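Asks: Quick one: this structure, given as structure tokens, is what I'll be asking you about.
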Amino acid sequence: MNVRRAEIVRDGFQYLEGFRWHGGEVWFSDIPLGKVYRMKPDGSGLNLALDEPIHPSGLGFPATGETLVVGQADNTLRRILPTGGSVVVADLNDVAVGANDMWVAPNGRAYISQIGFDLFTEEPKPSHVVIVHPDGTIETAGEDMWTPNGIQLTADGTQLVVAESFANRLTLFDVDANGGLANQRVFRQFEDPQQEVLDGLVIDAEGGIWVAVPFEGEVRRVAPDGKVTDKVKTHTEGHLGITCALGGADRRTLYIAAADTQMETLFDGTARVEAARVDIPGIDLEPSLLTRLTSPLKSALPLSGN
């Protein structure tokens, strides 16, 4: 087991989510402040992409060059405008409660997770993944999912990985030719229902899944065989590890959203971007659409769960 501790890259935030590496920069949302930022790998050059009170969360980047964001405040999928505002692309109120993280395929198809209930006033209940197709059609997929959260397609686009926060598990789906989801199965089940709540995730070039485990203050790498091979701890003991992205020039820097907060007052703490060097790079998410769709690279994840 390789265990590392992250270093501080930049602080001064409130509660960060939606980490993505795009265009040579780290992108992320500060949910309570209504801001989406992008910054250089070393933490310099912080730029504001969105400033709007929509509780922005998941981010995605279709091949058209647009930037999509999930608005938690009103359960919407939005497109960020050059002015720093946004416009609604899809209303998710009929299919989601607390729309949250997101992965966007090159053709613009968005896979969106959700909390599924009011996190502060209700007991957990099962929900599903939401798919917004390029033509605007909305559908749901998955059964008995307990707060689907971190979400990403594999490198070849044939499987979707979802972290279920309150089921303490990583779940796989097969992706069909039309972008629909089938063959739902458990890839990795964690045991401690209190401590091993899962959050954001990112997949590396060998099919390993880095998944945030907030209450353990760490991000774990789960190998394709289901074994945990690496852990990166937040810089300060007791800080939560919320989500992650692989970036940097060689894609071997694991960026982590670290939060100094408590569940009861989740959005009232402080947050920062932290990072640690890791051995296996992230997958290349930014080739041309043609290359992406015709690439012979296949997922390293198994076709059946462990």
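FYI, residue positions are counted from 1 along the chain as it appears here.
Every residue, even glycine, has its Cβ placed from backbone N, Cα and C.
So TrEMBL lists these for the protein:
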ACT_SITE  ASP199  active site, proton donor/acceptor
BINDING   GLU17, ASN149, ASP199  divalent metal cation binding site
BINDING   ASN100, ASP118  substrate binding site
DOMAIN    17-259  domain 'SMP-30/Gluconolactonase/LRE-like region'
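Buried or exposed, and what's around them? Tell me for each listed feature.
Replies: When Cβ atoms from all protein chains are considered, those within 10 Å of ASP199 (active site, proton donor/acceptor) total 24, not counting its own.
Long-range Cβ proximity for ASN149 (divalent metal cation binding site), meaning a same-chain Cβ under 8 A and a gap of 6 or more residues, is found for ASN100, ASP101, SER113, VAL162, ALA163, GLU164, SER165, LEU198, ASP199, GLY200.
In the three-state DSSP assignment, the secondary structure recorded for ASN100 (substrate binding site) is strand.
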Asks: Measure from the Cβ of GLU17 (divalent metal cation binding site) and count the other Cβ atoms within 10 Å, all protein chains considered.
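Replies: Other Cβ atoms found within 10 Å: 26.
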Asks: Determine the Cβ neighbour count for ASP118 (substrate binding site): the number of other Cβ atoms within 10 Å of its Cβ.
Replies: 11
Asks: In Å, rounded, how far does the Cα of ASP118 (substrate binding site) sit from the Cα of GLU17 (divalent metal cation binding site)?
Replies: 18
Asks: Would you list, in sequence order, the residues of this chain other than GLU17, ASN149, ASP199 that have their CB within 8 A of the centroid of the site's CB atoms, where the site is the one recorded for divalent metal cation?
Replies: ASN100, ASP101, SER113, GLY150, ALA163, SER165, GLY200, ALA212, ILE242, THR243
Asks: Taking the Cβ of ASN100 (substrate binding site) as centre, how many other Cβ atoms lie within 10 Å?
Replies: 30
